[in-house]
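Positions annotated as transmembrane segment by TrEMBL: 225-243, 277-295, 307-327, 339-362, 374-390, 396-416. The feature domain 'Cas1p 10 TM acyl transferase' is assigned by TrEMBL to 332-429.
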Amino acid sequence: MFSRWRYIEAKDCLIDKHIVFIGDSRIRQLFYSFIKLINPQVKEEGNKHGNIPFEDKSASIKVGSVAKPHIIVVGAATWSIKIHNGSNEALAQYKINITSVAPLLEKLAKSSDVYWVLQDPVYEDMLSESRKMITNEKIDAYNEAAVRILNSSSRNSKAKVKVFSVSKLIAQETIMKSADGLHLPESSRDTNAMILMNVYCNKIMKPIDGSCCQPQPPLTLIQKIAFCFFTLSIIGYLIISLMHRNNYRKNKSGTDLESGEEKKPAISMPNVSTLELLLHSFCKLGLIMTYFYLCDRANLFMKENKFYTHSSFFIPIIYILVLGVFYTENTKEFLPVYMHIRVLVAAYLFQTGYGHFSYFWIKGDFGVYRVCQVLFRLNFLVVVLCIVMDRPYQFYYFVPLVTVWFMIIYATLAIWPQIVQKKANGKTLNSNLQP
């Protein structure tokens, strides 16, 4: 699941960064798609066989600068295949060249992010006569050589050249839409650039909607304490439960021996203690929180972005509307999806606010116990989620919203003069009795 970076966010991530793209025409395409994420107004104008610099002065971003780069994107092979007519000697020379340049790239990888872009497949039927020697078989051989040689001298080192293979996977599905059989369509190039942006920026900016390329976040102290608490709760519950069962078996066996009967009398299990019940509840809560953490914060399960279509949203609404014809009046009004959600949220906010108002109005109970009870009921799960997931309280925005309005309703009715139903009815009755 990758994030759709806007140019403002891209600038924030790449501020004061120097980026270099090295390679043939395919890398040049990726270069243009990448800088368009920083400045959408850039046009693909420049010397196709020379250096093409780009600089965004507002964010001090330089692409193609001579200074030591923070990001290096490099890849080449198809031009070598073309000018040497796909000969085996060219492949052997390519291996020699990669072997000589690999240590330099690995050295750069210690202080920079180095990405080796694997060669995309071609659509052989659309290739021009001058490119017929660029076959997918040759491309696979060149890719295999590059992958085998890169990082061969730094197997146990953390600083490695990163192999950017996603472009190859995308091209396998989209190269048939190419205009010349060699270069990717624009939509595929843009996707590659967006993924490259995710690879570098997600670990820095940590977007909520982008799970790809993010390292596992380290556990905070509060998360570790919560983990230990739930673990101890599970262990404590198991120990107490086993002790109770063991005592039950002993009592059951003793009764059988004293009775001298073959048929065992029915003995009910001992009553569950409050501590055991509390630990049992914490065990269930801990298992639920563990499942939430694995789904949301770990990479154990695949994640996908949410996709919205009018049909998936409106067909169920129309279906319910048709059924509702038999129970209520029909309506032809349809609101946009965002307004539908706002209406539902506002309706629930009104209902819960009205419920709290009705309780205070009818009962007249403004005690601290009632306030603590409601605040605990509203916030307990959210507070536990904030601790386990390492999220801010405002992330679960609706609970803070409901909590604030509950306190406003409570303060409005609790301050002097307290006007509740009993007082209002009493004053009305007294006014009616007056001559």
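Glycine is no exception: its Cβ is also placed from the backbone N, Cα and C atoms.
Note that this is a predicted model, so its numbers are computed, not measured.
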Winner by Cβ pairs under 8 Å against the transmembrane segment (339-362), considering only 225-243, 277-295, 396-416: 396-416
Counts by DSSP class (helix H/G/I, strand E/B, coil) across the domain 'Cas1p 10 TM acyl transferase' (332-429): 78 helix, 0 strand, 20 coil
Averaged pLDDT, computed only over the residues in the domain 'Cas1p 10 TM acyl transferase' (332-429): 86
